[in-house]
Structure formats: structure tokens, C-alpha cells
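Copied over from Swiss-Prot, here are the features:
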{"type": "BINDING", "residues": "Ser60, Thr61, Arg62, Thr63, Gln87, Arg111, His138, Pro139, Cys140, Gln141, Cys268, Leu269, Arg296", "note": "carbamoyl phosphate binding site"}
{"type": "BINDING", "residues": "Asn169, Asp229, Ser233, Met234", "note": "L-ornithine binding site"}
Amino acid sequence: MSNAPRHFLDLDEMPTKELRAVLDAGVALKAKLKSQKARNTLREKPLEGKTLAMIFERPSTRTRVSFDVGMRQLGGESIMLTGAEMQLGRGETIADTARVLSRYVDAIMIRILNHDALLELAEFATVPVINGLTRRSHPCQVMADLMTFEEHRGPIEGRTIAWTGDDNNVLASWAHAAERFNFTLRIATPPELAPGKPMRDWIKSSGASIVLGTDPEEAVRGADCVLTDTWVSMGDKDGEHRHNLLKPYQVNTQLMSLAKPDALFMHCLPAHRGEEVTDEVIDGPQSVVFDEAENRLHAQKGILAWCFGAVG
């Protein structure tokens, strides 16, 4: 039996069965927290005595708080290290950082733009490494999104999900999820901000039901869920140009009316109200954005439990 650590790096690298185990664990842990009567298959404090190192290249609120609280609720603890403290790849090598931290802590969560740095950290770490976010992907967010959809609408298999906006890390993880969980993902982006060749090649080779286009109305029509994200991601410098390209992709009541009557609206937050989404939509009855935010905590507890071998 392999002693290799269980890394959580990207959804397309994990079997659907294990991803489902992670989701089920998150649901069970949330139910347990909400009601002591809920059935629970995990030990009371499965991560008692465990320590998670959280590395942040840039400041973060949601990721930091949700992982810290999640570790506490599971009986463990966490410590935070900032990019300024770590000097990843600029002082000590990433490989050496991985080796040293593996001697101190039981798992590492890292939020860093450079995806290759994440992969190098995982290569040399002897403890689980969790992708808290990179420029390439954001699997923790999408696990929370999947959990939220299924809470409200049941199994996502066979459903239609629409994305309107630009190509980014959240969309990449949604594409991976579409292949793993067998649902249709319709993507509408400006031609200038469409998924690049690596993602287009992956979509073609994966056989996933993913439709690329430029018309937001066509993408949203008849969808079970409508997704968007901020138009200017971290590190982007051409904000005004991007805003002009993306104005036709705003999620408003007119666009939402084309989706199914019971369609959900999702946004990973923080939202720029009046830009990618209107107040009427994000505060409306179809919006589940704050359930998504809450479920970051519970989905990530499922991820932590899986990484430590408490589930799956």
C-alpha cells in the first residue's frame, strides 16, 4: 500500500468516486454541526493533534478563515504564513520549503498564483498539499459550489450549468467538474477573453459536455444554474479594457429570465455589484451566494478529512 500523501490539487486529477466521498463528507460534517441528531460516520475529532500550515502569497479573508475554522471544528489547528515571510522561490527553494514544512506540520494549504510552484511543493512534500487557489484553478471553491447546487437542486449529473464572463481559474475547475460529474457546462465569453488553447485542447480530449461560445443568452437559456465572477482578477492590469469587453455579459434579471424558472445564481464572491451582476440578481430569490460562502467551510472540511484519510 502506497504511503504517498493525499494531495488535493485539481479536480481532473481525482477519480469521481473520491470527489464524491469528499462532497459527502462535507455534507455530513455540515449536518453534524447544524444538528447533533444528524447521522455522522466520522470520528468526533478526526484531526485532533494535527496542524495545517496555510501559505498565502497575498492576503485572503475567506480562504484563511474557512480553513482555520474548519481545522478547529475537526479538532486540529492551523498556522498562517504570508508570502513576505516565506519568500517562496526567491530565498529558500520551494523544494526545500516543502521538505522543511513536512517535518513541522501535518498538511499544507497554499494560495499562490504560480501553479507550477504548487506542483513543485506537492512533489517534494511528504504531507498532503491542498490547492487553495492558483491562477490556473480553484478546486476548493468549485467543491463548495457543487455542494451548494446539490443542497438546493439534488444531483448535478445531467444538469446544465451556464458561465458568463471571462476565462479564469474558477471556470477551469468548473470544466474539470463537468467532466468528472457528467453535467453540461455552457461557456459564454468575449472572443478576446475565451479559454486558451491548453483548456480548449483539454476540453476536446476529455470528451466532457462543454460548449464554448460568445453569446450569453444562448449559454443561459434553459440552464439550471448561472455562474459568473469578477471581471478583473488578481494581477490583471487592463481593467478598463476588460470592463468594456464584458459589459454585455452582466448577469441581470433579463438574462436570468432566460434560464429555468428555478435556476440558481452563483458567484464565488467578493462581487462587484453593478458590474458582473446587478443587486436585483445577487440579492434576489435565485441567489445562493452566501450559501456558497458558508459551504467553503464545510466542503474544505471534507477535503481536509479526505487528505488525512478520515474518509474515502
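In case you wondered, yes, glycine gets a Cβ from its N, Cα and C as well.
Within 10 Å of Asp229 (L-ornithine binding site), as judged by C-alpha distances, the binding-site residues found are Cys268; the full candidate list was His138, Cys140, Cys268, Arg296. The Cβ of Cys268 (carbamoyl phosphate binding site) lies under 8 Å from the Cβ of His138, Gln141, Asp145, Val170, Asp229, Glu292, each of which sits 6+ residues away along the same chain. When each of the binding-site residues Arg62, His138, Arg296 is scored by how many other Cβ atoms sit within 10 Å of its Cβ, Arg62 comes out lowest. Annotation: Asn169 carries the greatest number of neighbouring Cβ atoms among the binding-site residues Ser60, Asn169 [cut-off 10 Å, Cβ to Cβ]. Counting every protein chain shown, the number of other Cβ atoms lying within 10 Å of the Cβ of Cys140 (carbamoyl phosphate binding site) is 25. The secondary structure of Asn169 (L-ornithine binding site), as reduced to three states from DSSP, is helical. When the alpha carbons of Arg296 (carbamoyl phosphate binding site) and Asn169 (L-ornithine binding site) are compared, the span between them is 16 angstrom. Packing around Asp229 (L-ornithine binding site) is summarised by its Cβ count: 23 other Cβ atoms lie within 10 angstroms of its Cβ, all protein chains included. For the recorded site, Cys268 (carbamoyl phosphate binding site), the DSSP three-state label reads coil.
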